(Lines of atoms letter the chains of each structure in order from A and count residues from 1; the text may use other names and numbers.)
(Lines give C-alpha, C1' and ligand atoms only; values in the text may rest on other atoms or scores of the structure.)
Protein backbone atom coordinates (compact mmCIF):
# COMPACT_ATOMS: atom_id res chain seq x y z
CA UNK A 1 0.00 0.00 0.00
CA UNK A 2 1.36 3.42 -0.98
CA UNK A 3 1.21 6.03 1.79
CA UNK A 4 0.29 9.67 1.17
CA UNK A 5 3.94 10.81 1.48
CA UNK A 6 5.11 8.43 -1.25
CA UNK A 7 2.10 9.36 -3.39
CA UNK A 8 2.95 13.07 -3.19
CA UNK A 9 6.50 12.30 -4.36
CA UNK A 10 5.18 10.26 -7.28
CA UNK A 11 2.77 13.04 -8.25
CA UNK A 12 5.66 15.52 -8.44
CA UNK A 13 7.51 13.23 -10.85
CA UNK A 14 4.30 12.75 -12.84
CA UNK A 15 3.89 16.53 -13.06
CA UNK A 16 7.39 16.81 -14.57
CA UNK A 17 6.71 14.01 -17.04
CA UNK A 18 3.65 15.93 -18.21
CA UNK A 19 5.85 18.96 -18.89
CA UNK A 20 4.61 21.14 -16.05
CA UNK A 21 7.03 23.31 -14.04
CA UNK A 22 7.43 22.86 -10.31
CA UNK A 23 7.18 25.69 -7.81
CA UNK A 24 10.29 26.28 -5.65
CA UNK A 25 8.50 24.52 -2.78
CA UNK A 26 7.60 21.52 -4.92
CA UNK A 27 11.12 21.36 -6.34
CA UNK A 28 12.58 21.39 -2.82
CA UNK A 29 10.21 18.60 -1.81
CA UNK A 30 11.23 16.52 -4.83
CA UNK A 31 14.93 17.19 -4.21
CA UNK A 32 14.57 16.05 -0.59
CA UNK A 33 12.93 12.87 -1.89
CA UNK A 34 15.78 12.29 -4.34
CA UNK A 35 18.32 12.66 -1.54
CA UNK A 36 16.53 9.85 0.29
CA UNK A 37 18.20 6.47 -0.46
CA UNK A 38 14.82 4.71 -0.14
CA UNK A 39 13.25 6.69 -3.00
CA UNK A 40 13.00 4.57 -6.15
CA UNK A 41 15.95 5.13 -8.53
CA UNK A 42 13.73 4.79 -11.59
CA UNK A 43 11.65 7.74 -10.38
CA UNK A 44 14.82 9.74 -9.69
CA UNK A 45 16.03 9.05 -13.23
CA UNK A 46 12.64 9.95 -14.70
CA UNK A 47 12.56 13.27 -12.85
CA UNK A 48 16.11 14.23 -13.82
CA UNK A 49 15.53 13.27 -17.45
CA UNK A 50 12.24 15.19 -17.61
CA UNK A 51 13.87 18.31 -16.18
CA UNK A 52 16.76 18.08 -18.63
CA UNK A 53 14.60 17.50 -21.72
CA UNK A 54 12.11 20.26 -20.91
CA UNK A 55 14.76 22.61 -19.52
CA UNK A 56 15.20 23.51 -15.87
CA UNK A 57 13.36 26.62 -14.68
CA UNK A 58 14.79 29.15 -12.17
CA UNK A 59 12.25 28.21 -9.49
CA UNK A 60 13.19 24.55 -9.80
CA UNK A 61 16.89 25.35 -9.46
CA UNK A 62 16.06 27.45 -6.38
CA UNK A 63 14.10 24.60 -4.80
CA UNK A 64 16.87 22.06 -5.39
CA UNK A 65 19.48 24.51 -4.08
CA UNK A 66 17.49 25.09 -0.90
CA UNK A 67 17.17 21.35 -0.35
CA UNK A 68 20.94 20.86 -0.73
CA UNK A 69 21.65 23.77 1.60
CA UNK A 70 19.30 22.31 4.21
CA UNK A 71 21.20 19.01 4.15
CA UNK A 72 24.71 20.50 3.99
CA UNK A 73 27.38 20.30 6.68
CA UNK A 74 27.55 24.01 7.46
CA UNK A 75 30.65 26.17 7.61
CA UNK A 76 29.66 28.91 10.06
CA UNK A 77 31.47 32.07 8.96
CA UNK A 78 30.14 35.42 10.13
CA UNK A 79 31.95 37.90 7.89
CA UNK A 80 30.13 40.59 5.90
CA UNK A 81 31.53 39.43 2.55
CA UNK A 82 32.30 35.89 1.45
CA UNK A 83 33.26 35.04 -2.13
CA UNK A 84 33.07 31.86 -4.19
CA UNK A 85 34.12 31.28 -7.80
CA UNK A 86 32.47 27.89 -8.36
CA UNK A 87 30.84 27.35 -11.76
CA UNK A 88 28.84 24.62 -13.42
CA UNK A 89 31.78 22.95 -15.16
CA UNK A 90 31.11 20.81 -18.17
CA UNK A 91 32.66 22.90 -20.94
CA UNK A 92 34.91 19.99 -21.98
CA UNK A 93 37.70 22.35 -23.10
CA UNK A 94 40.31 21.05 -20.62
CA UNK A 95 41.72 24.46 -19.82
CA UNK A 96 43.80 25.61 -16.89
CA UNK A 97 41.78 25.87 -13.64
CA UNK A 98 41.48 29.65 -13.81
CA UNK A 99 38.56 30.06 -11.41
CA UNK A 100 40.40 28.10 -8.70
CA UNK A 101 43.52 30.22 -9.16
CA UNK A 102 41.37 33.36 -9.28
CA UNK A 103 39.95 32.52 -5.85
CA UNK A 104 43.47 32.53 -4.43
CA UNK A 105 44.28 35.84 -6.12
CA UNK A 106 41.15 37.46 -4.68
CA UNK A 107 41.86 36.08 -1.21
CA UNK A 108 45.47 37.29 -1.37
CA UNK A 109 44.10 40.80 -1.85
CA UNK A 110 41.92 40.56 1.23
CA UNK A 111 38.60 39.21 -0.09
CA UNK A 112 37.43 36.36 2.22
CA UNK A 113 36.96 33.36 -0.07
CA UNK A 114 35.46 29.90 0.40
CA UNK A 115 36.14 28.04 -2.85
CA UNK A 116 33.57 25.26 -3.25
CA UNK A 117 34.56 22.54 -5.69
CA UNK A 118 34.74 18.93 -6.78
CA UNK A 119 36.83 16.53 -8.79
CA UNK A 120 36.66 16.51 -12.57
CA UNK A 121 33.78 14.88 -14.42
CA UNK A 122 34.17 16.35 -17.91
CA UNK A 123 37.58 18.04 -18.01
CA UNK A 124 41.18 16.99 -17.44
CA UNK A 125 41.25 18.49 -13.94
CA UNK A 126 38.64 19.70 -11.47
CA UNK A 127 39.28 22.26 -8.75
CA UNK A 128 39.64 19.57 -6.09
CA UNK A 129 42.13 17.66 -8.24
CA UNK A 130 44.28 20.76 -8.66
CA UNK A 131 44.12 21.80 -5.00
CA UNK A 132 45.14 18.29 -3.99
CA UNK A 133 48.05 18.33 -6.46
CA UNK A 134 49.14 21.64 -4.93
CA UNK A 135 49.43 19.86 -1.58
CA UNK A 136 46.16 21.03 -0.05
CA UNK A 137 44.29 18.61 2.23
CA UNK A 138 40.82 18.69 0.65
CA UNK A 139 39.40 16.43 3.37
CA UNK A 140 39.78 18.77 6.33
CA UNK A 141 36.71 19.32 8.51
CA UNK A 142 34.34 22.28 8.70
CA UNK A 143 35.85 23.62 11.93
CA UNK A 144 39.24 23.91 10.25
CA UNK A 145 37.63 25.66 7.29
CA UNK A 146 36.18 28.26 9.68
CA UNK A 147 39.58 28.78 11.33
CA UNK A 148 41.23 29.19 7.93
CA UNK A 149 38.68 31.78 6.87
CA UNK A 150 39.23 33.68 10.12
CA UNK A 151 43.03 33.61 9.97
CA UNK A 152 43.89 33.44 6.25
CA UNK A 153 40.73 34.58 4.51
CA UNK A 154 40.72 31.44 2.34
CA UNK A 155 39.54 27.86 2.45
CA UNK A 156 38.66 25.14 -0.04
CA UNK A 157 35.47 23.15 0.52
CA UNK A 158 35.44 19.72 -1.15
CA UNK A 159 31.79 19.29 -2.12
CA UNK A 160 31.28 15.57 -1.28
CA UNK A 161 32.42 16.17 2.31
CA UNK A 162 29.82 18.88 2.82
CA UNK A 163 26.95 17.32 0.88
CA UNK A 164 26.91 13.69 2.07
CA UNK A 165 23.23 13.34 1.09
CA UNK A 166 24.28 13.58 -2.57
CA UNK A 167 25.48 9.97 -2.34
CA UNK A 168 21.86 8.95 -2.83
CA UNK A 169 21.81 10.26 -6.42
CA UNK A 170 25.30 9.18 -7.51
CA UNK A 171 24.20 5.84 -9.07
CA UNK A 172 21.42 7.50 -11.08
CA UNK A 173 23.59 10.38 -12.26
CA UNK A 174 26.28 7.90 -13.28
CA UNK A 175 23.82 5.83 -15.31
CA UNK A 176 22.32 8.88 -17.02
CA UNK A 177 25.85 10.07 -17.90
CA UNK A 178 24.66 13.55 -18.80
CA UNK A 179 24.26 16.95 -17.18
CA UNK A 180 21.39 17.15 -14.68
CA UNK A 181 19.89 19.87 -12.50
CA UNK A 182 22.42 18.95 -9.81
CA UNK A 183 25.20 20.38 -12.02
CA UNK A 184 23.37 23.71 -12.00
CA UNK A 185 22.62 23.59 -8.30
CA UNK A 186 26.15 22.77 -7.11
CA UNK A 187 27.53 26.32 -7.48
CA UNK A 188 24.50 27.66 -5.58
CA UNK A 189 24.94 25.36 -2.59
CA UNK A 190 28.18 26.51 -0.96
CA UNK A 191 28.03 25.22 2.65
CA UNK A 192 29.61 28.47 3.89
CA UNK A 193 26.63 30.41 2.46
CA UNK A 194 28.69 32.98 0.56
CA UNK A 195 26.94 36.17 -0.51
CA UNK A 196 28.96 37.13 -3.62
CA UNK A 197 30.04 34.87 -6.46
CA UNK A 198 31.31 34.45 -10.00
CA UNK A 199 29.46 31.54 -11.64
CA UNK A 200 30.87 30.25 -14.90
CA UNK A 201 28.30 28.56 -17.16
CA UNK A 202 29.31 26.31 -20.05
CA UNK A 203 26.06 26.75 -22.01
CA UNK A 204 24.95 30.29 -22.80
CA UNK A 205 21.27 29.28 -22.75
CA UNK A 206 21.56 28.49 -19.04
CA UNK A 207 22.81 31.95 -18.07
CA UNK A 208 19.34 33.47 -17.45
CA UNK A 209 18.30 30.42 -15.44
CA UNK A 210 21.31 30.66 -13.12
CA UNK A 211 21.07 34.45 -12.85
CA UNK A 212 17.37 34.38 -11.96
CA UNK A 213 17.94 31.57 -9.46
CA UNK A 214 20.80 33.49 -7.81
CA UNK A 215 18.57 36.55 -7.56
CA UNK A 216 15.75 34.54 -5.96
CA UNK A 217 18.21 32.96 -3.51
CA UNK A 218 19.14 36.42 -2.23
CA UNK A 219 22.82 36.78 -3.15
CA UNK A 220 24.15 40.32 -2.73
CA UNK A 221 26.02 40.20 -6.05
CA UNK A 222 26.70 37.56 -8.70
CA UNK A 223 28.38 37.58 -12.10
CA UNK A 224 27.17 34.77 -14.35
CA UNK A 225 29.80 34.42 -17.08
CA UNK A 226 30.12 32.49 -20.34
CA UNK A 227 33.26 32.95 -22.40
CA UNK A 228 34.19 32.17 -26.00
CA UNK A 229 34.45 29.51 -27.31
CA UNK A 230 31.95 27.99 -24.85
CA UNK A 231 33.89 28.03 -21.58
CA UNK A 232 32.57 28.36 -18.04
CA UNK A 233 35.17 31.03 -17.30
CA UNK A 234 35.94 34.61 -18.24
CA UNK A 235 37.67 34.21 -21.59
CA UNK A 236 40.90 35.69 -22.88
CA UNK A 237 40.41 34.04 -26.29
CA UNK A 238 37.46 36.25 -27.20
CA UNK A 239 34.26 37.75 -25.84
CA UNK A 240 32.66 36.96 -22.47
CA UNK A 241 28.93 37.35 -21.94
CA UNK A 242 27.99 38.50 -18.43
CA UNK A 243 24.76 38.70 -16.46
CA UNK A 244 25.35 40.85 -13.39
CA UNK A 245 22.93 40.29 -10.50
CA UNK A 246 22.75 42.99 -7.83
CA UNK A 247 19.94 43.67 -5.36
CA UNK A 248 17.49 41.64 -7.43
CA UNK A 249 18.28 43.41 -10.72
CA UNK A 250 19.95 41.68 -13.67
CA UNK A 251 22.11 43.60 -16.18
CA UNK A 252 23.53 42.05 -19.37
CA UNK A 253 26.77 43.07 -21.09
CA UNK A 254 29.90 41.70 -22.76
CA UNK A 255 33.62 42.23 -22.25
CA UNK A 256 36.76 41.40 -24.22
CA UNK A 257 40.36 40.89 -23.04
CA UNK A 258 41.16 44.37 -24.40
CA UNK A 259 38.50 45.85 -22.10
CA UNK A 260 40.47 44.42 -19.17
CA UNK A 261 43.84 45.54 -20.51
CA UNK A 262 44.85 41.91 -21.08
CA UNK A 263 46.32 40.20 -24.16
CA UNK A 264 44.22 37.95 -26.39
CA UNK A 265 45.34 34.33 -26.11
CA UNK A 266 44.76 31.25 -28.25
CA UNK A 267 42.71 28.43 -26.72
CA UNK A 268 45.51 25.94 -27.38
CA UNK A 269 47.82 27.86 -25.03
CA UNK A 270 45.34 27.48 -22.15
CA UNK A 271 44.77 23.73 -22.45
CA UNK A 272 46.28 21.21 -20.04
CA UNK A 273 46.85 17.48 -20.37
CA UNK A 274 45.98 16.57 -16.77
CA UNK A 275 45.69 17.80 -13.19
CA UNK A 276 49.45 17.56 -12.67
CA UNK A 277 50.14 20.00 -15.50
CA UNK A 278 47.31 22.31 -14.42
CA UNK A 279 48.57 22.43 -10.84
CA UNK A 280 52.16 23.12 -11.89
CA UNK A 281 51.12 25.91 -14.24
CA UNK A 282 48.85 27.41 -11.59
CA UNK A 283 51.69 27.26 -9.05
CA UNK A 284 54.10 29.03 -11.39
CA UNK A 285 51.53 31.61 -12.48
CA UNK A 286 50.56 32.52 -8.91
CA UNK A 287 54.21 33.14 -8.06
CA UNK A 288 54.63 35.51 -11.01
CA UNK A 289 56.82 33.06 -12.93
CA UNK A 290 54.23 31.53 -15.25
CA UNK A 291 53.33 31.93 -18.89
CA UNK A 292 51.86 35.30 -19.77
CA UNK A 293 48.84 33.52 -21.29
CA UNK A 294 48.17 31.74 -17.99
CA UNK A 295 48.63 34.99 -16.08
CA UNK A 296 46.10 36.75 -18.33
CA UNK A 297 43.54 33.93 -18.00
CA UNK A 298 43.81 33.88 -14.21
CA UNK A 299 43.80 37.68 -13.97
CA UNK A 300 40.65 37.94 -16.09
CA UNK A 301 38.79 35.60 -13.77
CA UNK A 302 40.25 37.21 -10.66
CA UNK A 303 39.06 40.56 -12.02
CA UNK A 304 35.49 39.29 -12.08
CA UNK A 305 35.89 38.01 -8.51
CA UNK A 306 37.38 41.25 -7.19
CA UNK A 307 34.73 43.33 -8.93
CA UNK A 308 31.74 41.29 -7.73
CA UNK A 309 33.09 41.41 -4.17
CA UNK A 310 33.33 45.20 -4.29
CA UNK A 311 37.14 45.30 -4.10
CA UNK A 312 37.32 47.41 -7.27
CA UNK A 313 34.73 49.66 -8.90
CA UNK A 314 35.35 48.42 -12.44
CA UNK A 315 36.63 45.28 -14.14
CA UNK A 316 39.68 46.90 -15.74
CA UNK A 317 40.91 48.22 -12.40
CA UNK A 318 40.28 44.79 -10.90
CA UNK A 319 42.35 43.14 -13.65
CA UNK A 320 45.23 45.54 -13.01
CA UNK A 321 45.11 44.74 -9.28
CA UNK A 322 45.09 41.01 -10.05
CA UNK A 323 48.11 41.22 -12.36
CA UNK A 324 50.05 43.24 -9.80
CA UNK A 325 49.26 40.74 -7.03
CA UNK A 326 50.32 37.84 -9.24
CA UNK A 327 53.63 39.46 -10.22
CA UNK A 328 54.34 40.19 -6.55
CA UNK A 329 53.73 36.51 -5.72
CA UNK A 330 51.00 37.26 -3.21
CA UNK A 331 48.66 34.38 -4.21
CA UNK A 332 51.57 31.92 -4.06
CA UNK A 333 52.41 33.04 -0.52
CA UNK A 334 48.78 32.59 0.50
CA UNK A 335 48.65 29.15 -1.11
CA UNK A 336 51.69 28.04 0.88
CA UNK A 337 50.02 29.13 4.13
CA UNK A 338 46.70 27.54 3.14
CA UNK A 339 48.35 24.20 2.36
CA UNK A 340 50.01 24.15 5.78
CA UNK A 341 46.80 25.17 7.55
CA UNK A 342 44.79 22.51 5.72
CA UNK A 343 47.25 19.91 7.04
CA UNK A 344 46.93 21.24 10.58
CA UNK A 345 50.44 22.71 10.61
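Note: Cβ is positioned from N, Cα and C throughout, glycine not excepted.
Model, not experiment: these values are computed from the prediction.
Following the DSSP three-state reduction, the secondary structure of residue 99 (5-phospho-alpha-D-ribose 1-diphosphate binding site) is helix. The 10 Å shell around the Cβ of residue 99 (5-phospho-alpha-D-ribose 1-diphosphate binding site) contains 28 further Cβ atoms across the protein chains shown. Taken from Swiss-Prot, the feature 5-phospho-alpha-D-ribose 1-diphosphate binding site covers 87, 90-91, 95, 97-100, 115-123, 127, and the record attributes it to sequence analysis.
In the three-state DSSP assignment, the secondary structure recorded for residue 118 (anthranilate 1 binding site) is coil. Look at Swiss-Prot and you will find 87, 118 tagged as anthranilate 1 binding site, backed by sequence analysis.
The annotation Mg(2+) 1 binding site is assigned in Swiss-Prot to 99, 233 on the grounds of sequence analysis.
Secondary structure at residue 173 (anthranilate 2 binding site), taken from DSSP and collapsed to helix, strand or coil, is helix. Per Swiss-Prot, anthranilate 2 binding site is recorded for 173.
Take the CB of residue 233 (Mg(2+) 1 binding site) and look out to 10 A: across all protein chains shown you find 30 other CB atoms. Look at Swiss-Prot and you will find 232, 233 tagged as Mg(2+) 2 binding site, backed by sequence analysis.
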Measure the Cβ-based neighbour count of residue 87 (5-phospho-alpha-D-ribose 1-diphosphate binding site), defined as the other Cβ atoms within 10 Å of its Cβ.
27
If you count other C-beta atoms within 10 angstroms, which of the binding-site residues 116, 119, 173 is the most crowded?
116
Using all protein chains in view, find how many other C-beta atoms are within 10 Å of the C-beta of residue 95 (5-phospho-alpha-D-ribose 1-diphosphate binding site).
24
In Å, rounded, how far does the Cα of residue 233 (Mg(2+) 1 binding site) sit from the Cα of residue 87 (5-phospho-alpha-D-ribose 1-diphosphate binding site)?
8
